[in-house]
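Before any comments, here is the structure.
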Amino acid sequence: MQFKISREPITTLASDCIIITHTEDKDMLLGLAKEVDEKMDHRISQLIAEKEIKGKFGEVTLLHTWGKIPAKRVLVLGLGKEEKLTLEKARSAYAIAARKAQEIGVSELTLAVSQKYKDIWNPVDLGQAVVEGIVLGTYQFKPYKTKTEIENKIERVIISVKDISIDAVEAGVVRGEIFAESQNLARDFSNEPANKMTPTILAEKAKEIAKKHHLEISILEKEQLEELNMGAFLAVSKGSTEPPKMIVIKYIGAPDSKDMIGLVGKGITFDSGGIQIKPDKNMDEMKGDMAGAAAVLGAINAIGALKPHVNVIGVISACENMVSGEAVHPGDVVETFSGKTVEIKHTDAEGRLILSDAISYAKHLGATKLVDVATLTGSIISALGHHIIGLFSNNMDWTEEVKAAAKISGEKVWELPLDDDYAELIESDIADMVNDAGSPAGAIQGGMFLKEFAGETPWVHLDIAGTSDVTKTSGINPKGATGVAVRTMIALVLRFSGN
Ligand code: BES
Ligand code: MN
Ligand code: ZN
């Protein structure tokens, strides 16, 4: 998809479809929409008067222009109530509109950005949000359809800029493309089935990203993991014939600084549950148990492209959690890279095991601030459902940074506690800790476990088990993997660099 910025007004631009917007609380069109309406003999305002167009959020009405203006169609996009309008909503609304345009075979789409609604939106953020909406909303994953059907694809988007800085919009558009393409990359990785996204393939994908942006990368193989004593990671991977991979990518944008942000991702390319095997229903969804790893790779891809003045290290532990004669037994005790011992009470609580070694290793390599992203617990779905990421931390300042980044990206996070009272949830009779004690506070239990490995380093854990995929298309998310957390991590890194 190509973006072009133009000073030409939408009323004279030729294209397959132009988007104009309308809000719920106004009984008439404003600004450019009004100009289009006048050229169209007031047909749009007639529909508004007849309440056929209400301006409800996400409402889409398509009209043919029959030569009244050079564009073939007008798409009237409802933005909901004006006072409730945010950048996040604008992003979603443009996603819905673009998806509709894609569905009917529009290949050139035109829209306008102006100061019509809120002065507080700066043109950079507005340009970015609109582009993100369009690129994210029209995402498709169909590599395994052999039937050659004609695939609808928006090839070109023309953004007509009226009363605001064209350079600022342009800057936002460039950012939006990088942010959204990186999120789509993470979606691609997560949507791949487990036989097409093994730890080895994931490592290859990471190498491609590193090569594209000239980043340092190393892949630790099983033998090296053994030498390093990563007993927790190795225990999880033992039941599978697929070799485990520890992926480490480094971006050094501030060689003069000692600070380094560590982004740690859970890369379970399939989670069967291990010996304590999961029920049969929906087990296929566990191909997406590497969404945290995918998000880290997506973020690294954007960081490589944006080149901010900051150091970032991505650490991903990737393996399968399988059942076999070699698989780890419930009750096994393992030594982690940190030196702490763990009693594996539940083989299905594998995410925290592979993350414990990845977190310790990120620290060992110099990370001074940590964020881990993981599809860690079913429990977070009980707590927050499918709309909000669970956030856990050992540090208030770092938490505020991540929350601020999430606010910018429009990805919602909600903090849950890791009070000392919960320490008993990981107490073991025979080792330093257990990976599960059957607590109903499952997401907190997972967080308490990881906290032991973060130690004194400021750390935030994002549990994305509820938000990493959707079963129904809505807003910026077409059905399937969402690529959630990618844009929050990019925003976090940019904020940290002062960009
Ligand atoms: N990968 C799962 C968590 C998950 C559940 C992700 C649903 C996406 C959707 C994780 O490895 C797991 O199995 N967690 C267990 C832990 C329990 C055994 C302590 C859980 O949450 O049930
Ligand atoms: Mn599991
Ligand atoms: Zn898992």
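Using N, Cα and C of the backbone, Cβ positions are placed for all residues, glycine too.
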Can you match one of Glu181, Glu192, Glu204, Glu350 to the Mn(2+) 2 site that TrEMBL gives for Lys266, Asp271, Asp289?
Glu350
Measure from each Cβ of the recorded positions Lys266, Asp271, Lys278, Asp289, Asp348, Arg352 to the atoms of ligand 3 and list the residues where some distance is under 6 Å.
Asp271, Asp289
Which binding-site residues out of Lys266, Asp271, Asp289, Asp348 lie by ligand 1, going by a Cβ under 6 Å?
Asp271, Asp289, Asp348
C-alpha spacing of Lys278 (active site) relative to Glu350 (Mn(2+) 2 binding site), in angstrom:
12
Let me know how many other Cβ atoms fall within 10 Å of the Cβ of Asp289 (Mn(2+) 2 binding site).
26
Least Cβ-crowded entry, counting other Cβ within 10 Å, from the binding-site residues listed as Asp271, Asp348, Glu350:
Asp348
